[in-house]
Structure formats: structure tokens, C-alpha cells
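TrEMBL lists A:7-189 with the feature domain 'Ketoreductase'. The NADP(+) binding site feature in TrEMBL is assigned to A:T38, A:N88, A:Y153, A:A154, A:A155, A:A156, A:K157, A:I186. The active site, proton acceptor annotation in TrEMBL covers A:Y153.
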Amino acid sequence: MFDLTGRKALVTGATGGLGGAIARALHRQGATVALSGTRQEALEALAQDLGGERVHVSPTNLADAAAVEALVPAAEAAMGGLDILVNNAGITRDNLFMRMKDDEWDAVIAVNLTAAFRLSRAAVKGMMRRRHGRIVNIGSVVGATGNPGQGNYAAAKAGLVGMTKALAAEVASRNITVNCIAPGFIASPMTDELNEKQREGILGRVPMGRLGSGDEVAAATIYLASQEAAYVTGHTLHVNGGMAMF
Amino acid sequence: MSDIAERVKKIVVEHLGVEPEKVVEGANFIDDLGADSLDTVELVMAFEEEFNVEIPDDAAETIQTVGDAVKFLEKNSA
């Protein structure tokens, strides 16, 4: 089950905790992976960790439109195709709504939503030709529930859900599926720095009583990327320990 | 029929799975050959590949019949 041997995958934000876990899982299932991220050294380290086989490194600044346009063709050239696109990269610029600056809004929309649009548009071309493709957009529970201080982030993540459904409807007849994963609170270097009180506050909202792991989000990604999920499209899969149920 | 017209016809037949007799100069991809809007995008992509040309979006919109495609490619392919 969930064998990805021979598949070629591009993961954005691969140096982050979540993106790294997703890239590792895709690789473990047999896929060739192209790692995109802003920090070249961290990408190289991950590539080395993966044994250097079936792995390519593509440093990209997703806020730069030209760099975004170049990423999919570069990944296709490096791997000889592209079957799986994981739009994982995301940034936050939290601020209370009334204090939020235009540039905080714009930066989050650009990286979290517009880059995913441009990469999907580019990737779908080859996927249509090959009559196969998987696009997995990493959203957030916040896109469904909202979160104070994250108007920009919530808007971008909710935007991904709508984009996912529209594109899924357009390309379903070509055996391309487009889905979204909405993680809740996932353990990361960021959550490691929370103090005990903050941690308790968060866990109090999660029926499962613990943070999720990157591997648990990666497992959902593997499923949606697999042949077994061929009939699942336009869906948002919530991986959140029950903190919000839909 | 010109060489270009033959190649266009072959692509259309293969891509849309229609009878070769139906692929005449005046045949409209959507109205006569049963293409949907996604098919027309794919046809343009296939023409680009076969003839090694780039078909800009505004030109692609004007290519609605087999004859439109042949005319465009006769003018623009090397």
C-alpha cells in the first residue's frame, strides 16, 4: 500500500519541520524528491540525510514570482517529470487585525497562497499530458476556524481550500487529484519554545491531549499522493487530534 | 492537404478520439468535435509540442476550428 516507487515529487518548504517530515516520508515510500526551501545548507543537509539518492535540491524564494515560475520546470528537468506537488511552504506575520500592515498581509498571501497557485498552474500542465498527478496543499486548522492575530494566515489557508476545490473540479477528468491537509497543533521547533502555561492552554483545546507530529501529517500526505487515494479529490483532510471536527 | 494540416488532423483525432472524417477544416473543436474547454487547452499544448512553437494565450483563444489551427501553424511554425 501507498507505494510511490518511480513517482517524482516536489516539496516546498522542505527545510521546515513539516516539510522535512513530508519529504522524508515520500522518499521512504520510494519517490524521487525535489526539495525546495529558502536555506540551501539545510536543504543540502536533508538531501545528504536521505542518502543523496533520488533527491534534488532546489533553493527557492517563494516570494519571488520569477523564482516560483522557474521551480516546476527545473524540478521536472531534474527528475524527468513531476507526479506529486506538495505546496507546504508557509510563513506567518501575526498581528492583530487592526494593527496589521499591508506588507504583513501581502507577504503571507504571496508565499502561502499565490506561490501555491503559480506552482500548481505550472505543475498541472505536465500532469495533464501524463494523465496523472497529485497536488497536496498544506493548509491549517486555522483556515477553517480562524485565529486571533492571524487574519492574513487564516485567509491564505482558507484560500487554499477554495483553490483546491476549483482546481480539483477542473482536472479530475485527467486523473489528477488536488487535496488539502489541515494540520492542527504540530510539534515543531516553534512549539518547543512555548512555556508550560502556553502549552497547557493549547493542549486544553485538543481532545487528544497532545501535539501532533510531523510524521502524522506526512502520513496523510503519503495517502493522498498514493494510487490508493485515486478517487479522493477536492477534500480537506484534518489532522488535528480532534481540536476541530467537520 | 498540406503536411501541417495532416499533422494537425492526426493530433485532433488522437486527442479527441473522433472519426478522421469529422476532422474537416471548418470543424469547431467544441461544437463539432465534442471537446471541452480543458481539451482545447490540451490541444494547444499538443500543437506547441508537435510544431515546436509557442502559442500565446490570446492567439490560443482564436483557435477554435481545425482550419484556425492549421492557419496559425502555417504562419508561425518554422
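Note that Cβ sites are derived from N, Cα and C of the backbone, with glycine treated the same way.
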Quick one: what's DSSP say for A:A156 (NADP(+) binding site), helix, strand or coil? helix
Write out the long-range same-chain contacts of A:I186 (NADP(+) binding site), meaning residues 6 or more apart in sequence whose Cβ is under 8 Å from its Cβ. A:G17, A:L18, A:L211, A:G212, A:S213, A:G214, A:E216, A:V217
Span of the recorded NADP(+) site, as the biggest CA-CA distance among A:T38, A:N88, A:Y153, A:A154, A:A155, A:A156, A:K157, A:I186 in Å, is 23
Per DSSP (helix/strand/coil reduction), A:N88 (NADP(+) binding site) sits in coil
Predicted model, mean pLDDT over the domain 'Ketoreductase' (A:7-189): 96
Hey, what's the Cβ neighbour count for A:Y153 (NADP(+) binding site) at 10 Å? 24
Sort out the sequence-distant neighbours of A:A154 (NADP(+) binding site) for me: same chain, 6+ apart, CB within less than 8 Å of its CB, listed by position. A:S140, A:V142, A:G143, A:G146, A:N147
